[in-house]
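**Q** Below is one structure. I have some questions about it.
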Amino acid sequence: MTNRIMPSLLSADFANLQTSIETIPGADALHVDVMDYHFVPNLTIGLPVMEAIRRITDKVLDLHLMISDPDRWAPTYAEQGADSVTFHVEAAAAPVRLARELRSRGARAGMALKPATPIEPYADLLPELDLVLIMTVEPGFGGQQFLDLCLPKIERARALLDRTGGDVWLQVDGGVSAETIERCAAAGADSFVAGSAVFGADDPDAMVAELRKLADAARGRRSQSGAQ
Ligand SMILES: O=C(CO)[C@H](O)[C@H](O)COP(=O)(O)O
Ligand SMILES: [Fe+2]
C-alpha cells in the first residue's frame, strides 16, 4: 500500500486556485469539495469550476460530493474528467447502481460515511467500490477539530477491506494534520485529505512532505506490529 496525501482545495485561495495548486507539486491528488446547501449547510464549487481546474492540471482530481441526490449529479463529474468521484451513502438512493455508473465512466467510485454512519451495513458493497471515505469531522466546513471517535471505524473498515481484497483506497477527511495523521495511518488509512493544515502552512508543499513522512512512519510501525 502507498500513502497518498490529497490536499483539499476548500482551504485554497478561491480567487487564485491555479496559484494555490502550483504551491503543492508534491501532492498525490487534489481533493475538491462540492457542497450544495442541502446535504450540508455550506455552498462551495460545482461542475464549471471542476472543469476549469481539469483544464489546468494533470493531477488526480478527487471529488467529494456533499450533495443531495448524488444519483442524479455524480456521473456528470466523472464524464467531465474527475478521476475519482465520492458520494455520501446517506444521500444515495441506489449506491450500487451509482458506483457502477461512475466506474463505467472511467472514474474510481467512492463512498463516504459521516461520523455517525457505520461501515458494517455496507460491507457487501465494498467490491463495487474503489475508495471508502471515513469522515473525521461532520461534513460541511474546513478547519474543524479531528474526531478521535472515528478511529475505531477506520480500523474496522481496514479489516473489511483486507478481507475483500482489491485496490480500494481508505481515505480520511477532516482535521487531518501533523498532529492527527499518525493516528489515522496507524488505524489503517492510506489516503489523507488535509485542507487547513496544508494551505494554512507557510510552505504548503513542505507540509505535504511532512504529512507523508509521518504517515509512512506510522504505516511502518503498523506493519511491524503484524497488521497489514
Ligand atoms: O470535506 C471536507 C469538509 O466537509 C474537507 O475536505 C475537509 O474538512 C478538509 O478540511 P480540513 O483539513 O481543514 O478539516
Ligand atoms: Fe472533503
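Glycine too: its Cβ is placed from the backbone N, Cα and C atoms.
TrEMBL lists Ser8, His64, Gly140, Phe141, Gly142, Gly143, Asp173, Gly174, Gly175, Gly195, Ser196 with the feature substrate binding site. What TrEMBL lists as divalent metal cation binding site is His31, Asp33, His64, Asp173. Annotated active site, proton acceptor per TrEMBL: Asp33, in sequence order. Annotated active site, proton donor per TrEMBL: Asp173, in sequence order.
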**Q** Take the Cβ of Asp173 (substrate binding site) and count every other Cβ within 10 Å, whichever protein chain it belongs to.
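**A** For Asp173 (substrate binding site), the 10 Å Cβ neighbour count is 28.
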**Q** Fill in the CA-CA distance, Ser196 (substrate binding site) to Asp33 (divalent metal cation binding site), as an integer in Å.
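**A** Counting only the Cα atoms, the answer is 13 Å.
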**Q** What same-chain residues, at least 6 away in sequence, bring their CB to under 8 Å of the CB of His31 (divalent metal cation binding site)?
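**A** Set apart from His31 (divalent metal cation binding site) by at least 6 residues yet with Cβ under 8 Å, we have Met6, Pro7, Ser8, Leu9, Leu10, Asp62, His64, Asp173, Val193, Gly195.
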**Q** Among the binding-site residues Gly140, Gly142, Gly175, which residue has its Cβ surrounded by the fewest other Cβ atoms within 10 Å?
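**A** Each of the binding-site residues Gly140, Gly142, Gly175 was scored; lowest Cβ tally within 10 Å is Gly140.
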**Q** Can you list which of the binding-site residues Gly140, Gly142, Gly175, Ser196 have their Cβ under 6 Å from some atom of ligand 2?
**A** none
**Q** Quick one: which residues besides His31, Asp33, His64, Asp173 have a Cβ within 8 Å of the divalent metal cation site's Cβ centroid, in sequence order?
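**A** Counting only non-site residues, the set is Met6, Ser8, Leu10, Val32, Asp62, Leu63, Thr86, Leu133, Val193, Gly195.
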**Q** Mind telling me which of the binding-site residues Ser8, Ser196 has the densest Cβ neighbourhood, counting other Cβ atoms within 10 Å?
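**A** Per the Cβ count, the most surrounded site is Ser8.
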